[in-house]
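Chemist: Take a look at this one; I'll ask things after.
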């Protein structure tokens, strides 16, 4: 009995040891398969991303951002940017069709002629036709296209074959005469006739040429400067105003500052590293180009004391005087988002 019990005990211990070894081997194989499968799936995911352009949307978004060289219309709104974009398309197309006629789609280029097709083989003719179609698609651009502005509650509509200043002035002139409200969420609509890098050297170089159209001798005008910076802290307000006013004075010393009712208003809008510039007329008459305010019925308010006070403003006070840039426009919370209407603070800029 003792020998039989020892044999039974030895067999039981051996069975238990073999079973533990089997379980350990099974667990090792399972872990290896899991890790191999995970690595394989990760590698497959990387390949598919690389093959099918998993990050192409980032490049596409970057290509539709506001950039130097763009012309268009800068539009502000309260919160609802999608609705603002829709209203802007509708409004701009309505008045652009009236000014320039309906937008005509460009025809695709003619196919390869029969003589050329006889001389070339089918593959060469196909390549040539494809290249012609691709070149036509590149040259054809829509009249209006929305791009990322780089700031909240701001929409930028890029224009092609359209004068933004003429178009926006025509819209505001019609709204001012008819007093019809044609938008619900659009606040201000500012034309952008030129853009440059928002660095002092680049801005001075660009503006010295850009402003000649309105202020170079023998041309002369009364003017004010309106400035706003969004998501930008490398441009000081007073420095920009003094530099721009200095350029205007160099073009013609007879250009005068008028903060009450200037003939022209120089608008400078900086968003991140892009400086948007335009020179507009009737800025005061059209309520700072605010679509909501310009469509309101006029109220009888006594503004004589205020106008008299503005007419007595000295040169230095004119250079430091500020005003709110947008009627009803929501603040973006940054100190740089304040607007300025000012002169150059020199003797040549004294008010008449």
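Cβ atoms are placed via backbone N, Cα and C, with glycine included.
Annotated region 'Disordered' per TrEMBL: 39-62, 99-120, 297-352, in sequence order. Marked as compositional bias 'Basic residues' by TrEMBL: 46-61. Summarising the annotation, TrEMBL assigns domain 'THUMP' to 174-281. Annotation comment: TrEMBL describes 298-323 as compositional bias 'Polar residues'.
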Chemist: When secondary structure is assigned with DSSP, how many helix, strand and coil residues does the domain 'THUMP' (174-281) contain?
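Modeler: The counts are 35 helix, 38 strand, 35 coil.
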Chemist: Can you tell me the mean pLDDT for the domain 'THUMP' (174-281)?
Modeler: 95
